[in-house]
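Structure first, then comments.
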Amino acid sequence: MSNYAIILAAGKGTRMKSDLPKVLHKVSGITMLEHVFRAVSVIEPAKNVTVIGHKAELVREVLDGQSAFTMQTEQLGTGHAVMMAEEELAGLEGQTLVIAGDTPLITGESLKNLIDFHVNHKNVATILTATADNPFGYGRIIRNENGEVTKIVEQKDANKFEQQVKEINTGTYVFDNKRLFEALKNINTNNAQGEYYLTDVISIFRENGEKVGAYTLRDFEESLGVNDRVALATAEDVMRRRINKTHMINGVTFQNPNATYIDVDVEIAPDVVIEANVTLKGKTKVGAESVLTNGTYIVDSTIGANTVITNSMIEHSVVEKGATVGPFAHIRPDSMLKEGVHIGNFVEVKGSTIGENTKAGHLTYIGNAEVGSDVNFGAGTITVNYDGQHKFKTQIANNAFIGSNSTLIAPLEIGDNALTAAGSTITDNVPADSVAIGRSRQVNKEGYAIKKPHHPSQQK
């Protein structure tokens, strides 16, 4: 029989105190909704339905083309939310997973185990449960003397005995699809919240003598639902530990995994060394045997093998193998540093291609430039690429030597093996094999300094 899935993503998330829908807050680089969707994908649902409501279009954009959607215009409880999916799933043979979109720590493995347990035990409903040291706020799993699940009691409706139970409802279930929608027609709002509880269908199944089971998570952390910023930070912490552990198992060295922040889609090859306080975001890739030192921050970039990035920021760029960057360099979007490039102290590169083995050691700005191989930039070089309205390109050919404090006024071309003298302002193209000097000639005024206040003769 087929698997189906319903993801509940309609809530406002009032306790988040945010204009953003709760399920769109991010954990380790992707939204909570995406984490849940990826976990659900492991069970290979024949159809996935996402229930949306608050700021529905924002939520729809995240899974557009990957899920069917249904609207819950009024938030009248979890049971009501699942009712909204009936049009998409009614009459289908199989089992349906129901899961909240604010549970980013759930794993696909656990959901697969839940489905298998449900099918193997021929249950009409199976509850995913966990054991909590402090169960306050959770619905409790109530069992009879034979260990069978009889009902789920919400915190506000639980008596003193029921409040002592530590087995809690995670809010994730598997149901026989047809029986789910049949039972939903018989639930009501006669409870402390005045809502349609999805959990009431469990009591209906039990009253009909149908089999209800529970599968317990091995790891309570997977059950975490995020309702506020405190829980969001907890989820981030758990996810960070998982991600870093996986990379370490796969051969990456961490100086301090508790102070290293890596998004879930980052790829790192073996034998990379990562020092403390490094952040890798988005879809960054890091090649083998590279070293990322303390304070490095990389976003959506590809870093080649055997590179060394020292306390620098790289955004939406490519750094090829054997390059060195930093310390305190900034590689801005749409840049490419080719093999063996050295970008040093306080150098900024933006929207530029830097050829093989080119060096810009310190205090340089390279913007909107195409630079050949084996070029040397002296300290203080500036490509002047913006006139207040438009950006212009600088082209520097192979083996050029750019003297310290050169100002290159784009648009500009500097030929192969050309040299610009230190301190020059270059406004015209420089032919290959030429020296360009664009500065005033020095004039010495002998004896003039005697009249200046700093001169010893002027001191009293």
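Backbone N, Cα and C atoms are what each Cβ position is placed from, and that goes for glycine too.
Taken from Swiss-Prot, the feature region 'Pyrophosphorylase' covers 1-229.
Taking Cβ-Cβ distances under 8 Å and a sequence separation of 6 or more, the neighbours of Arg332 (UDP-N-acetyl-alpha-D-glucosamine binding site) in its chain are Glu315, Ser317, Glu348, Val349, Lys350, Gly351. Per Swiss-Prot, the feature UDP-N-acetyl-alpha-D-glucosamine binding site maps to 8-11, Lys22, Gln72, 77-78, Gly139, Glu154, Asn169, Asn227, Arg332, Lys350, Tyr365, Asn376.
Swiss-Prot lists Asp102, Asn227 with the feature Mg(2+) binding site. Classification of Asn227 (Mg(2+) binding site) by DSSP places it in coil, neither helical nor stranded. All protein chains included, Asn227 (Mg(2+) binding site) registers 16 other Cβ atoms within 10 Å of its own Cβ.
Residues or ranges marked as region 'Linker' by Swiss-Prot on the basis of sequence analysis: 230-250. With a cut-off of 8 Å between Cβ atoms, the residues of this chain six or more beyond the region 'Linker' (230-250) that come close are 16, 25, 27-28, 32, 104-105, 221, 224, 257-258, 260-264, 266, 268, 270.
Across all of the region 'N-acetyltransferase' (251-460), the predicted model scores a mean pLDDT of 97. What Swiss-Prot lists as region 'N-acetyltransferase' is 251-460, and the listing cites sequence analysis.
The secondary structure of His362 (active site, proton acceptor), as reduced to three states from DSSP, is extended strand. Cβ-based neighbour count (10 Å, all protein chains) for His362 (active site, proton acceptor) stands at 18. Feature annotation from Swiss-Prot assigns active site, proton acceptor to His362; the stated evidence is sequence analysis.
Annotation source Swiss-Prot lists acetyl-CoA binding site at Ala379, Asn385, Tyr386, Ser404, Ala422, Arg439. Annotation for Asn385 (acetyl-CoA binding site): same-chain Cβ neighbours under 8 Å, separated by at least 6 residues, are Gly367, Asn368, Ala369, Lys391, Phe392, Lys393, Thr394, Ala410.
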May I ask you to report the DSSP-based helix, strand or coil state of Lys22 (UDP-N-acetyl-alpha-D-glucosamine binding site)?
helix
Please name which of the recorded positions listed here, Asn227, His362, Ala379, Ala422, Arg439, is nearest in space to Lys22 (UDP-N-acetyl-alpha-D-glucosamine binding site), Cα against Cα.
Asn227
From the binding-site residues Leu8, Asp102, Asn169, pick the residue whose C-alpha lies nearest to the C-alpha of Ala379 (acetyl-CoA binding site).
Asp102
Taking the Cβ of Gly77 (UDP-N-acetyl-alpha-D-glucosamine binding site) as centre, how many other Cβ atoms lie within 10 Å?
21
Reduced to three states, what secondary structure does DSSP give Asn169 (UDP-N-acetyl-alpha-D-glucosamine binding site)?
strand
The rounded CA-CA distance in Å from Gly77 (UDP-N-acetyl-alpha-D-glucosamine binding site) to Arg439 (acetyl-CoA binding site) is 76
Tell me the Cβ neighbour count for Asp102 (Mg(2+) binding site), meaning other Cβ atoms within 10 Å of its Cβ, over all protein chains shown.
26
Where the distance is taken from Cα to Cα, which of the recorded positions His362, Tyr386, Ser404, Ala422 turns out closest to Leu8 (UDP-N-acetyl-alpha-D-glucosamine binding site)?
Tyr386
